[in-house]
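> One structure, as structure tokens, below. Some questions next.
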6 protein chains.
Amino acid sequence: MTSTTSPAPREDGRADDELRPIRFTRHWLDHAAGSVLVEFGKTRVLCAASASEGVPRWRKGSGLGWVTAEYAMLPAATNTRSDRESVKGRIGGRTHEISRLIGRSLRAIVDYKALGENTIQIDCDVLQADGGTRTAAITGAYVALADAVAHLRAQGALKGEPLTGSVAAVSVGIIDGVPRLDLPYVEDVRADTDMNVVMTGDGGFVEVQGTAEGAAFARAELDALLDLAAGGCAELIRLQREALGS
Amino acid sequence: MTSTTSPAPREDGRADDELRPIRFTRHWLDHAAGSVLVEFGKTRVLCAASASEGVPRWRKGSGLGWVTAEYAMLPAATNTRSDRESVKGRIGGRTHEISRLIGRSLRAIVDYKALGENTIQIDCDVLQADGGTRTAAITGAYVALADAVAHLRAQGALKGEPLTGSVAAVSVGIIDGVPRLDLPYVEDVRADTDMNVVMTGDGGFVEVQGTAEGAAFARAELDALLDLAAGGCAELIRLQREALGS
Amino acid sequence: MTSTTSPAPREDGRADDELRPIRFTRHWLDHAAGSVLVEFGKTRVLCAASASEGVPRWRKGSGLGWVTAEYAMLPAATNTRSDRESVKGRIGGRTHEISRLIGRSLRAIVDYKALGENTIQIDCDVLQADGGTRTAAITGAYVALADAVAHLRAQGALKGEPLTGSVAAVSVGIIDGVPRLDLPYVEDVRADTDMNVVMTGDGGFVEVQGTAEGAAFARAELDALLDLAAGGCAELIRLQREALGS
Amino acid sequence: MTSTTSPAPREDGRADDELRPIRFTRHWLDHAAGSVLVEFGKTRVLCAASASEGVPRWRKGSGLGWVTAEYAMLPAATNTRSDRESVKGRIGGRTHEISRLIGRSLRAIVDYKALGENTIQIDCDVLQADGGTRTAAITGAYVALADAVAHLRAQGALKGEPLTGSVAAVSVGIIDGVPRLDLPYVEDVRADTDMNVVMTGDGGFVEVQGTAEGAAFARAELDALLDLAAGGCAELIRLQREALGS
Amino acid sequence: MTSTTSPAPREDGRADDELRPIRFTRHWLDHAAGSVLVEFGKTRVLCAASASEGVPRWRKGSGLGWVTAEYAMLPAATNTRSDRESVKGRIGGRTHEISRLIGRSLRAIVDYKALGENTIQIDCDVLQADGGTRTAAITGAYVALADAVAHLRAQGALKGEPLTGSVAAVSVGIIDGVPRLDLPYVEDVRADTDMNVVMTGDGGFVEVQGTAEGAAFARAELDALLDLAAGGCAELIRLQREALGS
Amino acid sequence: MTSTTSPAPREDGRADDELRPIRFTRHWLDHAAGSVLVEFGKTRVLCAASASEGVPRWRKGSGLGWVTAEYAMLPAATNTRSDRESVKGRIGGRTHEISRLIGRSLRAIVDYKALGENTIQIDCDVLQADGGTRTAAITGAYVALADAVAHLRAQGALKGEPLTGSVAAVSVGIIDGVPRLDLPYVEDVRADTDMNVVMTGDGGFVEVQGTAEGAAFARAELDALLDLAAGGCAELIRLQREALGS
């Protein structure tokens, strides 16, 4: 990815269209069918894919598989310790929202028939948070999912290729009027507009979620952010492929 | 709004860029500072704005007000009765997600300083659901909010004009390859891509949430949906103004 | 109903033994098997009856149907907004109590054998509260139930006539020493004694719940209240019949 | 209490208007300000009254005291073990209903001003259930309350006499057409009509809760039940006085 | 048990190696298969064993039985009233911990094959707490269990002798440097080290749980406590046998 | 630590009194005052110590600090995925029990006066579980706590040395009659007796928790296990010191 010049330099010295250092450490866990510790700079998410025979009751007998995801954050992941949701006895709205987003994103590239009546459960646990935890989670979850699928294939449990493509996600935002890629926490809190974009390996959009934090944003800004995100996702897809050695 | 021709006619006979019949019944409740029964076709949402002195503890002494929202659906609002979240003892992810969306959308046009240390709580209860409940809720919530603000002004409780603009929302989607505005339930379930767009009265974007239900969508499709949504929101803004008699 | 003279006139000008204006709007919802918006003055309750095949597990194979009810109040229904029970994560004692009362009242006039293994779930949601919400809910629930039964009959799902009668309810109370019928909120809070009476169409008692709010009440007062309630229920039964067009 | 003849003899040989053997064992606990193990035949309820300085936040500074009650049943109290509400994580409707009833009944004979800003919390735990647990609980709770008041008086914590009277409760019902007093479980399940009546020491009604279990009941039956209950409560009041040695 | 001399006399005059007065009142409940009110001085625990056919789902078809236990404390059992866990909506850590301990202790002497596919549920409810509630609960639970087993045997529901031994428990602690047996509350709060020991009738250890409340304890102290506990458990086993008349 | 010969070799080739490879990775997190990833073989626990000014309400104004701990396990940490406690809405008994154990263990070596009115919250999250997660958690928690204390000292927030010593923990058990140190999962499930021992740096016992999984254990076995644990804890204390570079 070529860096472009920008008037206000980023605190970490990156170009506006440059990703943070991305790292995938596969097989981080011994038990899970697939697992990866994904890092977007200081953001660190442990993605684990557990495969089990069978599907939820409402899907039994359909011949179709199921993929679902849960997102959570360790209490000490953030700057200021946050309370445990298990202790509070209820899951917060933000957690719910992100879990659902990850699940939808993955399901966009899954062929349930080929998966057969197997369930893959993805757990994305944020060990350290520095902005972009949901996009790191999606990007890592795909790698864990790919490993879990390979694991199921090795066991002869599949009826075809369940992955119809790959998926990655990145955040973009407008800081002081400048569109930027992959925001760390310090930029995220200052962003006027904040957008998370999930894309497939062949450049299709799976999710676009843009929010005006301050003033509403114009169509031209939206367009610039989408361009920036498309570039970032393409790079992430390349890095995923590299990590998976394919 | 001029209707355009479209190859596959909609079940309710509307043009692709045509809203369902929109109706605002203001002052539907006697107690709330502002209330409106908003209807987008058969979708019927009761929006109530309760105003109270003071703000949540974490905001005390700041001189700033607070606006928050809760969304819920009556059990019999949908085709098949759904269980009560109060009975289940927990709020579902979808409910959380929509409540947060409504709150963010309204806050985009609120000047907290002018509101002073007052809280406006918006309740959006879906009495009947036929697609687009969240967009109807946002659109109606603005009207209830405007009435609540007028109520506070009449009481001399404000420090200026707390509303910096207006806000409305509409759903758009691609059905059988055709972009359509304001989807009822029958279209919603068939949509390949589903998008909710929240816009201000002067045409800025507050929220853009697009989801590929089936295949990922291309940038051109995204652009077409945004165009359609902009038209729909402009019309809704006009109808809100009409309803508010301003 | 003839009005009687009374020393202290009621705020709304009614005679002591006069009901508030009663209104039933049937088929208020498109999906539910039966639905009615019932109004006792400003008290407005949406009663929806959902019919489904089958019965709870503990009743399966018995050949008997089941009727159950849930009562809830929208947050903005009351003078001062009340918190949502779904948000609090638990149902309050009052809600529990009233849900159970409605269920028992309806079950008093249901023949489970004739209903067959079908379940009718009644939801009574108070949209606006001005006293007597539980009695309005019971009175409206009967109408919704009757419509749901008609719906099941039209589908050929019944084994006979499941309704052995009709049921209605009214509140009575002693205000400043005077027994009064159908108390609105302003009277309710001032009542020394408060009683809710549920009766069948042929004048039998289903529930009698009297509570001394201040001093204990004498047998003579109890007798006067029962007389007043019997008159009110008879009138409500007449209005139900009228609404149902039978 | 003189026994009357009745066509169908009761299983335990009692006359229709005869109470079960009633026993109060005061000071059953060492810590509570007042405590009594009350027995209505095999029904055994431990009533404990805990006194503490201060009142709930919403009542602070009012100069008024507070009395509240909680009812619960041990899992093994009934014929078939019931699940613990603490394990289920929610309180059932019946428990809520009875707790509220006990609280209201006691508050009917309390002068809050004389109590001063003290709180008395009554716990009624059913150790063994054989019908009439709520009426035994109310009847015993009064004795525990009286002891707690004496305890507070000895401490010089009162501003007058907080008890304006005494209160007792009994169940009545119609079994095979015959009105009967103080129903044990075997009669309770067979009753056509079931009524709980709470009365003060000077013969006033505090609560009347009658329910038709089968067919609706006639006014004459209601009158007969009220007569029977009045006799039973008078006898219980006498026994309370005897137990309290006053 | 012979008493030994000790420098600092205990408040209740016991020797350091002397149990409080122990009392077992069997058949305290009419319904439960086995029940006992066990008293360790002022500590009073009602232990009820409910027997039911069948086992939890995960054990079905195994031919094995199941024994489980729940511990709870009445609100007024302690010096200062504690809140009800059912009202708080969650079970506290201490309750969980003790319930699990009781279950494990009993399971140590149960032969599941001989029990057959029957479940025995033990409920230990502390009616009054004065230290050592968990050890009293275990000791009493064994007696209730033995009675429940006898009950099942009388019904011909067993496949052999399910009890492979007996089990009892006692607390020990170091107070002012002196090891003491069976601590009441006043000693418990002052103990430097606190240990609960569960032993079988033939002198084996089932559970040893020692905790340094203040400074860590030395091996010699640990040894002294274990000696003391062994003596106490032996005496309790003798008393259990006596109570069971065997 | 010298290895001894043993008849049955361990699956991982260790001597019976040999620890698994122990690893402490300090400063694993950027935000927490202290953090360490501790590994006991494949068991991996992330311990984070968050320091904050102030203490819980019940301790305010006492001049004393507070140390507390929470333990949790990621869903994919175990062989078979376990459900999230946040999703279940309640914390399990085992989690509660271990959280309390960690807290007590740490508090045994803390001088609250020297800590001043500061709170240190320790989070122990098991990322991968292979037996001994609670002992690894305690051992790691001490290191994180030491780092957090150093952090507070650097800020000048302390009133002295809050750590009166160090603390470590290890599991021991009897497998096929042979006492063994530091059990991995495969040994843990086969153990007849299982014990967790927490000791201070100067060889005192903080907690001893022994459980007979199968048959009760004899005093001689208990003694052998305590010897083994003492050796293991001494070695862990040495490794902690090494890791802390002191």
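Keep in mind that glycine also has a Cβ here, set from the backbone N, Cα and C atoms.
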> Just to be sure I read the record right: F:Gly132, F:Thr133, F:Arg134 are listed as binding phosphate in TrEMBL. Which of F:Arg94, F:Arg107, F:Arg153 is listed for the same site?
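Looking through F:Arg94, F:Arg107, F:Arg153, the residue TrEMBL assigns to the phosphate site is F:Arg94.
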> Please work out the mean pLDDT for the residues of the domain 'Exoribonuclease phosphorolytic' (F:166-230).
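Averaged over the domain 'Exoribonuclease phosphorolytic' (F:166-230), per-residue pLDDT gives 95.
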> At 10 angstroms around each C-beta, which of the binding-site residues F:Arg94, F:Arg134 has the fewest other C-beta atoms nearby?
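Ranked by other Cβ atoms within 10 Å, the binding-site residues F:Arg94, F:Arg134 bottom out at F:Arg94.
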> How does the domain 'Exoribonuclease phosphorolytic' (F:18-148) divide up by DSSP, counting helix, then strand, then coil residues?
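Residue counts in helix, strand and coil order: 45 helix, 43 strand, 43 coil.
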> How far apart, in angstrom, are the most distant Cα atoms among the phosphate-binding residues F:Arg94, F:Gly132, F:Thr133, F:Arg134?
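If we measure all Cα pairs in F:Arg94, F:Gly132, F:Thr133, F:Arg134, the largest is 13 Å.
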> Under 8 Å between C-beta atoms and at least six apart in sequence, can you list the same-chain neighbours of F:Gly132 (phosphate binding site), or say none if there are none?
F:Arg20, F:Phe40, F:Thr43, F:Val170, F:Ser171, F:Asp182, F:Leu183, F:Pro184, F:Asp188
> What are the helix, strand and coil residue counts for the domain 'Exoribonuclease phosphorolytic' (F:166-230) according to DSSP?
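DSSP classes over the domain 'Exoribonuclease phosphorolytic' (F:166-230) add up to 16 helix, 30 strand, 19 coil.
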> Under 8 Å Cβ to Cβ from F:Thr133 (phosphate binding site), same chain, six or more residues apart: give me those in sequence order, or none if nothing qualifies.
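Residues satisfying the criterion: F:Thr43, F:Val45, F:Tyr71, F:Met73, F:Ile98, F:Val126.
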> Determine which residues of this chain, when F:Arg94, F:Gly132, F:Thr133, F:Arg134 are set aside, have a Cβ within 8 Å of the centroid of the phosphate site's Cβ atoms, and list them as they appear in the sequence.
F:Tyr71, F:Ile98, F:Val126, F:Ala129, F:Gly131, F:Thr135, F:Ala136, F:Ala137, F:Asn196
